[in-house]
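Quick look at what Swiss-Prot annotates:
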type	residues	note
TRANSMEM	3-23	transmembrane segment
TRANSMEM	38-58	transmembrane segment
TRANSMEM	81-101	transmembrane segment
TRANSMEM	105-125	transmembrane segment
TRANSMEM	127-147	transmembrane segment
TRANSMEM	175-195	transmembrane segment
TRANSMEM	208-228	transmembrane segment
TRANSMEM	250-270	transmembrane segment
TRANSMEM	275-292	transmembrane segment
TRANSMEM	297-317	transmembrane segment
Amino acid sequence: MLVATIFVLVGLVLLIWSADRFVYGASSIARNLNISPMIIGLTIVAMGSSAPEIMVSATAAWQGRLDTAVGNALGSNITNILLVIGATALLKPIAVASMTIKREFPLLILVTLLGYLFLADQSLTRAEGALFLGGFVLFLVLMVYWGKHAPPDDPLLTEYQAELPPPTPTWQATVWLVLGLALLLASSQLLVHGAVTIASHFGMSDLLIGLTIIAIGTSLPELAASLIGILKGEDDLALGNIIGSNIFNILAVLGVGTIIAPGVIDAAAAGRDSYVMMAATLALLLMSLRLGKLRRINRVEGCILLMAFIGYQYLLFSS
C-alpha cells in the first residue's frame, strides 16, 4: 500500500510537470516555425491543462480499463465544477460578464449532453469515439475562428497568449518536447498502476478509482489556475479555464479512451455519474445567468457547490 501510494503521488507530480514541459516545447517549436502566437495559444496551450487527463485515459484504456478512463473524464468534470469553482467562489465571488462565457457556455451544455447521450446505452463504440474526437477538432477550429474575429483585448486571446513561453532555441524546445512526452507516458503508467493497486486493496471498482483519486489528482492544475486567477482579478481566467477543460475532457479524454478500448461501461457511469455531471453543469449555468442577466457566482453558491462535492464523494464510497 505504501509503495502504491508513493506511485500515485509521484505519478501525479510528474504528470503535471511533464504536461507543462511538453506544452512548453511544442509551443516553442511552433513559434520558431512562425506559426501565429494566437493559433498556438488557442490550440497547444489550451490543451495543456487537459493533457494529464488525456494521457491517463489513454493509458487506462490501453490496459483494458475503459471504466477508469470514463471515470477520469466524468470525475474531472464533476470535480472542476463542484470543487474547483466552489472553492474559487468561496475565496472570492466570480464575475460572469464576458463574451468568452457567452460563447463557451452553450458549447459546454451541448457537449455535456452529447456525452450523456453516448453513455446512456452503457457502452461506447469506436464510431462514438471518432465523433468525440471530430468534435474536438471542430472545437479547436472554432476557437481559432473566434480568436481571429475577436478584439485585441478579448479574454479568450489574452488568457492563452499570456501563457506562451519566451523565445527558446529549437534544440532546447525539442528536448523539452521529447522529455515531456516520455515523462507523460511514464508518469501516467505510474499513476494508473498505483491507483489500481490501491483500488484492489480496498475492493474499489475501476470506475470508482477514476472518479476519485485520478479525477481529483488531475484536476489540481485547474484548481491552482482558478485560485490564482481569481486572486489576480482575472475572473474570466478562473471560470473560462474550467469551461474549456470540461469541453476538452468529454471530447478528447472520452474520445481517446473510446477509440483505444471501446466496450461496455459500468452502469453507474451511464446513470448516477452522468446525471451528476449534467446536474453540476446546469447548476453552474443557473448560477452564472439569472433571467438572461449576467451576474456573479457568490460565496453562498460556492459553499453549495462544495457541499455537493462532499455529498457526491460520500455517495460514491457508501454505494
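Glycine too: its Cβ is placed from the backbone N, Cα and C atoms.
For the transmembrane segment (250-270), the partner stretch with the highest count of Cβ pairs under 8 angstroms, out of 3-23, 105-125, 175-195, 208-228, 297-317, is 105-125.
Simply put, out of 175-195, 208-228, 275-292, 297-317, 275-292 has the most Cβ pairs sitting under 8 Å from the transmembrane segment (105-125).
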